[in-house]
Each structure stands twice: as structure tokens, then as C-alpha cells.
Amino acid sequence: MRDDAGIEPSRTFPPLVTEGELEHLVQTVKDWATGHGLVVRPPPTVIAAEADPNNIAAVPAPVTLFPSGIARHAFRKGLAAQKAYNELYAAVSRSEEFLAQIVKEVIDGDDFVRDLWAVHQTKPLSLGLFRSDYMAHEDTSVFPPFQQLKQVEFNTIASSFGGLSVRTAQLHQFLSKTEYPLLRQSVPEGTLDLPQNKAIEGLAGGIEAAFHAYGAPQTGHRKCVIFLVQGDERNIWDQRHLEYQVAKTSPSIPVFRLAFADIMKYTSLAKTELRQLLYSSPRNPEKKFEAAVVYMRAGYGPGDYPNQQAWDARCHLERSHAIKCPTVLTQLAGTKKVQQVLATPRSSAGPSILSRFIKDDTPSAIELWNTFTNIYPMDTSEVGLVARKKALDPEQCQDFVLKPQREGGGNNIYGSAIPEYLKSINESHWGSYILMELIKPASVQNLILRNGRIEQGGVINELGVYGACLWNQNTGELLHNEEAGWLLRTKGDKSEEGGVAAGYGCMDSVSLTLTNVDIQEEAEARANQ
Ligand code: ADP
Ligand code: MG
């Protein structure tokens, strides 16, 4: 931000804006966000619970004022890899033996994973609404630097922000037509390459595909979809957008929101061999539905399981005939330990583990390999002992993040905090962690609007790619396998965690940039035509 006289004409994007322009942009973004459901329930620090006793308030989600540049080739490859990732994780979910081994490796020190494993069951159909998260590693040994997406993690449960990411892309598209061209440092209409984002349709499409694949109800009740949620969810409109999409494309599908804590209160199992999941709404307990799909936006962390009743409820769902998104096995396939094992390259000792699940050496498998970064076990194997040494070394530890088998943000230990943390826990539990090399994406400039205030400075981006996959757990047949849109999140370059809901990161969208690699690849594609 500069005053009028101080504008630097050389800077192109994001443009430098004057105080007056900034004020106007902020007002425009606030209004657009509220007008289009780019909103969350207010954090208590913004609107205290006493000030909103009827729980009616919504506030704009934190967003960047401009989209962020991502190299076109990197973005395309990220989207293109998703179907292979879906296939891989469907295959991992089907391998009970492999997952049993994974659980065994982390069980000392991880009661949550142990308890999850204890309730797993298998049923024929399984739905995955996945999200593969990446940061762009920059190879600066070439000019201009080459961007390669590196996977941060793969989410198999409660992959969030599909709803808000579509709205954010639409916000930036709106601004690119109405506001950016009018700035003093004008960004003329049509100069930004802003890709469409189909995350809402893609994720809702997965739910609809599962609903239809479930077949006709056998209990005499109508079929329905259940969104299983946390009672105090702040990110509720992100979920509602998916629900509204189902209502738009398939108005005949009833969708109900059910709090994880209320599973046993409102559902029961039919006394049949299949054990259909019956749902009765609190509004009208007489009226029952047969739940065809249970889409979980809860149940991913220990916080949702405060007592044995909560575990019983998860077990009850798992035993039911409803198509779970995800099943316990698919949830376990999303652990960081699985990611570490899959990312381990083949060695003189034998082929890669990855090759057990998908054909190695195919172009799509090579794309997956390109997205992996070094991840090490923290066990007592030879590689694990080397990793332990790195993790405990005050210098070497700076390049790593230590991760337990947890989801939802706030659980990782970064860089110099690792040695002290390890020493604070029992050594017999170290094997339940993995040690991952830090990806160091280039920092870029942007402006973040959070709770009505502007934050300015260096930021880094994290791209998520959604996948929707429905498969037969017994035969491996893929009934639906789609790339399902994307998410761009941005955080301050000094912040380690990037969770939007946790208050660290913010929503952003992609502006595709053309690099030498793109120009070269496009020329090659033309020549090969
Ligand atoms: P969670 O399951 O809690 O979301 P993640 O593995 O996604 O855990 O890590 C949380 C955040 O920490 C990521 O969104 C990212 O910002 C940062 N992070 C995680 N792993 C790395 C890494 N290898 N390099 C750089 N940043 C990372
Ligand atoms: Mg994450």
C-alpha cells in the first residue's frame, strides 16, 4: 500500500493500491462475501457468544484481495494426478493386511489409531471425497525457477473448503471484471488467467453417485443422505454449499445434518441381514429414512470421541449398510504413516510399496512420484535411526516437520522445536510419528482481509486438489473416479500451520502464470499433433 505519490509503476501483480483504493476494495469484498456465502460463523474474539445468543451471525471468511500466481504446468499436473491418487487410495483402503501392518507400526503411542482400527468393518461400496495438498517447491538452479508441486498430505476424511474455494474463485473473477481494471495500477479485464473451480459440483457429484449406486431401499422407507457434522461447527456454509448443490441437481434427494454426538439418538440399524441405517429426524420422529450415504465432516480426531458411547456410535455406523464417506479403513489410509510408506522409493532390497497398489513406471505413477518429498519413519529400523538422529540434531532438525497420526491442524512440530518435543515424550512412542522434509515454497506478496482488518506482506500458497471416488471394496471396481476441483490457501510466510478454520491461513484462488516450461511444453504438444 502506498499513498498516491508513492506508487511504483514497475510492480505489476498484485498491483500496489492506494489507501482509498484499499478501503473501496475491502468494502466490495465484504459485501460480495456476505452476498454469496463466502462466510463462516464468527470467532468468539470477533463476536462474543453473549452478543449473538440466537446464533444468527455470519462473517466473511478470511480471503486474499487478489488471486495468487501458480505456474500453469504445475497446476495442470496437480489436477491431472488426482485420478491416479483416487485409484491409489481406493486400493490402499482395500488392503486390510497392509493397513493392519501400518496400525501395528504406530500403535505404541497412538491410542486413537488403535481404537479406530478396532471398529473397522468392510461393506461392498465405499466413497472417498479426497483432497491432496501441495506446495510448490522452487528449483532455483534453473532460470526461471522451476515449480514442482510437492505433496504436503493426502486427506481422506472431512476434506473441507470445497464450498468456500469455489466462492473465492468467483470473488476474484468478479473483482477482475469490476475492480482490478479501475485501479491506478490497472489490471485490465481479461489479462488474468483465472481457471474455473468445480469443487462444489465435483464433491456433491460424488455424494450423488454414491446415493444412486446404493440401489433401491429395502426397508420401505425413502433413501436419504446424512451430513455428519460437529455440533459447534464454524465452517458450516462450506458444508451447506455442497448440500445446496445436491438439492439443486437432485431435488428428490433428502439431505439431513446430524451432529456426531447425536448418532445414537436419531439412527438405528434395521434388524435385517444388511443392517440398513435408519434415520428419524428430530422434527418428526415418526418419519423414517434409509440412509444411503453418510458424509462425515466429523469423527476425524480424538475430540469427537470423548467417551465410549462415541466409539459405539462410530462402530454402529461402520456396521451399517450405508455407504460411508469414509469408512474406517479409508480414514486409516489417510494417515501420515501411510503417506510415508507410499513415498518410500524402491531400493536394492526390493520394489516400492506403491507398486503393490498401482502399476509403477506408468506415466501417471511417475507423476505421483514427482509429487513426493522425503518422508522418514521414526522407528528403530535403519532408516528410522538415521531419521531420529536428524530430528534430534539442533541444526539438521530445522529442515523437517515431525507429524503424529492426526488431522485437522495444530498437531505438528516444526524445525527447532523437534528435539525438545521428542525428549518430552517416551522414546517408545517415537515410532508413531513421521519425519518429513520441509517444502520451502517461494514467498509472494498479497493482502489478506481477516475479520475486517488488512494484513499485508509475504505469503506462501498451498494448493489442494479434490477427488471423488466410489469403489467396490470387494472387487476393486471403480464406479466413479473424478478430479473434483481445487482449493488455494494462503498463509503468512512466517506461519507454520496454514489451517483457515484454525485462524492461521486464508482463502485464495489461482491465477495461472506462464513460464518458460509452459511455453516449451505447449510448443512440444503442438509439434506432436
Ligand atoms: P493436518 O492434517 O493437521 O492438516 P498437515 O500435514 O496438512 O496436517 O500440516 C498442516 C500444515 O503444516 C500444512 O497445511 C502446511 O501449511 C504445513 N506443513 C505440513 N507439512 C509441511 C511440509 N513438509 N513442508 C512445509 N509445510 C508443511
Ligand atoms: Mg492439512
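Cβ coordinates are placed from backbone N, Cα and C, and glycine is handled just like the others.
Just so you know, TrEMBL annotations never went through curation; they're auto-generated.
If you look up TrEMBL, you'll see ARG131, 157-160, 233-235, GLN239, 297-300, ARG489, 500-501 marked as substrate binding site. The ATP binding site annotation in TrEMBL covers GLU153, LYS336, 403-412, TYR414, 436-439, GLU462, LYS491, GLU497. According to TrEMBL, the feature Mg(2+) binding site maps to GLU153, ASN155, GLU407. The domain 'Glutathione synthase substrate-binding' feature in TrEMBL is assigned to 224-333.
Neighbouring residues of the recorded Mg(2+) site, listed in sequence order and excluding GLU153, ASN155, GLU407, comprise ARG131, ASP133, PHE154, THR156, ILE157, SER159, GLY334, LYS336, GLY408 (Cβ within 8 Å of the Cβ centroid). When the binding-site residues GLN239, ALA298, GLU407 are compared by Cα distance to ASN155 (Mg(2+) binding site), the shortest distance belongs to GLU407.
Of GLN239, ALA298, TYR300, all annotated as binding-site residues, the residue with the shortest Cα distance to GLY410 (ATP binding site) is TYR300. On the 0 to 100 pLDDT scale, the model's mean across the domain 'Glutathione synthase substrate-binding' (224-333) is 97.
Closeness to ligand 2 is met by GLU153, these being the binding-site residues among GLU153, ALA158, PRO404, GLY410, LEU438 whose Cβ falls under 6 Å from the molecule.
Cβ environment of GLN239 (substrate binding site): SER160, GLY163, PHE227, VAL229, GLU233, ARG257, ARG297 lie under 8 Å away, each six or more residues apart in the same chain. A straight line from the CA of GLU153 (ATP binding site) to the CA of ALA298 (substrate binding site) spans 19 Å. Distances between the Cα of ARG234 (substrate binding site) and those of the binding-site residues PRO404, TYR414, LEU438, LYS491 are shortest for LYS491. Listed in sequence order, the residues of the same chain lying 6 or more apart from GLU407 (ATP binding site) and placing their CB within less than 8 Å of its CB are ASN155, ILE157, ALA158, TYR300, GLY301, GLY334. Helix, strand and coil residue tallies for the domain 'Glutathione synthase substrate-binding' (224-333), in that order: 42 helix, 30 strand, 38 coil [DSSP].
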